[in-house]
Amino acid sequence: MFAYVVKRLLSGVVVLFLISMSVFLLFWYGPSEPAQTICDRDTSNRCTPARLEVFRENLGFNNPWYEEYGTFMKGVVAGREIQFGSTKVFECPAPCLGYSYRTKAPVFEEMKDRMPATFSVAIGGAFLYLTLGIPIGVAAARRRGTVTDKALVSSFLVISSIPYYLFALLTWLFLTISWEIPLFSETGYFPITENPAKWFSGMALAWFALGAFGCTTYTRYSRGSMVEVLNEDYIRTAKAKGLRDNTVVYKHALRSALVPVITIFGIEFGTLLAGTIFTERIFNIDGIGLWALQAVNQRDLPVVAATALFGAAVLIISNIVVDVIYSVLDPRVRLS
Amino acid sequence: MTITSPSSASSPTDVDGPYLQVEDLTVTFPTQDGPVQAVKGLSYSVELGKTLGIVGESGSGKSVSSMAVMGLHDAKSSEISGSIRLGGTEIVGLSESRMRKLRGNAMAMIFQDALAALHPFYRVGDQLAEAYAMHHPKASKRDGRRKAIEMLDRVGIPQPDRRVDDFAHQFSGGMRQRVMIAMGLINDPSLLIADEPTTALDVTVQAQILDLLQDLQREFNSAVIIITHDLGVIAEMADDVLVMYAGRCVEFGTTKEILTRPEMPYSWGLLSSIPEVGASTDARLIPIPGNPPSLLRPPSGCSFHPRCSHRDKVPGDLCFTELPELTPASNRAGHLKRCHLPNPEEIYLTEVLPEIAPDLAEETR
């Protein structure tokens, strides 16, 4: 198991390396001219050609791309120094993902500051939609064909066919604005270390929106998977042994039914961790997603690159975790 | 506790007569196209120490009737009427919780495909111990494990103390079926239902499994129902045979009777369609023409008439209009058949036997 995880992590590093290179190339040959943008901003739109040239030189746009990519990678491993059109030299310690063009702060530090917010949203939301979705799905599967089952399935289908951003906006409009529910009065991220209660109430609406919306999907997945498993021969065997219904369902059937649900969860949770742009934007949570959105709008290339890399890393890790969970659930899966 | 002394929980209270008595059992599944009667008016009984073989094609109601005995049909999607008495207790309409105490305890079932019927994620030992613990609430975990090893040993699995921690997929087909049998017998059931226990196995392993079942039956003195479509299995195992067609019993009798003097054209068809390794080259393999009938719209009269090649020998159109009663056969006690033919014994000897076994026909003449 340990060797397997190490192997997967190493191949993950290779994937990250390839992604970093493609992101780098996209910027290099992309349509926007970062030096122009940053020069305009720095000089309040009085960018002279001479000034522009200084920025070009500083940001390395006069060198061939592979040389600059080398500098970038060296920065990740050992840190480097960065200049922004003036004589002032910024120290960027390893792992250096560059300086933000906009805030002139090290990208990695900014990312570290925003991670807790995104992790709070993602973990809380995922916890809610799993703890709601799976039991509801199991309950529906046990009552398949009944009115309860049909009502659940069709109402959840309606919810999940609403676009998520609309759903999130509506929850905010109703719960915070119209009904003025105190718990949801102030959304946003407040560090848990400073004020846990405030952290909780700030996150609550985002969790609710993610949980209520996500659980509809997980209800459908786990219901479908459960219905299938309940028809398996080994479930009949379990009943023939005289086991209680709950033992049959939760011990024998659920473990098998979870396997496909975990697969989907692994992929989705990775995306969630990489930044839930809509959630963060609507509920004003200063996390990775919101940061990425701002960076794209402002052509803050180092930040865009960092968020892309972060998303890739998170996906790789959650895939490894899913594979490990597989092998725990299903003994026929051998990790090697 | 040793395996040979049946536990008090599963030993029958003083009952006269057969341990299992099924009377007029009807199982109906309501479907969108209308009710499907999978079993109609089925009656049979099995005594302790005896084996009843139930034969028939797929869809003839063999498994459905046995699942009804086990109470494994979902109450919401099936209707069961008639009477099933197990050791003197009526189990049709018994509450689910009381039924659960019998299931896997007083009666157990062995399923066909052991790979599918064992849970792929749990160690076989844990699955066995679970069955034991369910009906022995006071037993500790170690008792359960010891019992599991003991049972694996009893059904002939080598190194049971090591194999107990293996998963189903790590066993060979025959060994897996042995595990299945061990699980069925772990609580010393008085009634064991084996649903095509050897169908998925190759011939040599089949013989081993059948031998094992016979040994165990002698040891446990349980009543056994063996469901199969293989008359070879019947010949080896069963004391009595029940031939089912389209949900009904069409012929019943001792194994010897049914195999040597069948009186119902469907039973003839079953016998005719067995290939025999040492058969003379004159012997023909005659399939039963057509397909099993739809249970949604069963044929009028005798369910078998659309496929019956002897229906012309019945006067009038009785076969088309009237369902034959289950009546005593020509001359032997206990032999029942459901057929309008007036002289089945004669037809069998003069027409059927010469075709399927010419040498035998010579002898009888």
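We number each residue from 1, going along the chain as drawn.
Keep in mind that glycine also has a Cβ here, set from the backbone N, Cα and C atoms.
According to TrEMBL, the feature domain 'ABC transmembrane type-1' maps to A:115-326.
The transmembrane segment feature in TrEMBL is assigned to A:9-29 (among others).
Remote same-chain partners of the transmembrane segment (A:117-140), defined as residues 6 or more beyond its termini with a Cβ less than 8 Å from a stretch Cβ, comprise 148-149, 152-153, 189, 192, 199, 203, 206-226, 249-250, 254, 257-258, 261, 265, 268-269, 272-273, 275-276, 279-280, 285-289. The transmembrane segment annotation in TrEMBL covers A:117-140 (among others).
Annotation comment: TrEMBL describes A:152-179 (among others) as transmembrane segment. If you look at the transmembrane segment (A:152-179), the same-chain residues 6 or more away from its ends with a CB under 8 A from one of its CBs are 136, 139-140, 185, 187, 205, 208-209, 212-213, 216-217, 219-220, 223, 278-279, 282-283.
Annotation comment: TrEMBL describes A:199-218 (among others) as transmembrane segment.
The transmembrane segment annotation in TrEMBL covers A:257-283 (among others).
What TrEMBL lists as transmembrane segment is A:303-329 (among others).
Here the transmembrane segment (A:257-283) has Cβ contacts under 8 Å with residues 117-119, 121-122, 125-126, 130, 134, 138, 141, 164-165, 168-169, 172, 187-188, 205-206, 209-210, 214, 217-218, 221-222, 225-226, 228-229, 289-293, 307, 310-311, 314-315, 317-319, 321-322, 325-326, 329-330 of the same chain, all six or more residues outside its ends. Outside the transmembrane segment (A:9-29), and at least 6 residues removed from its termini, the chain residues within Cβ reach (under 8 Å) are 65, 68-69, 72-73, 301, 304-305, 308-309, 312-313, 316-317, 320.
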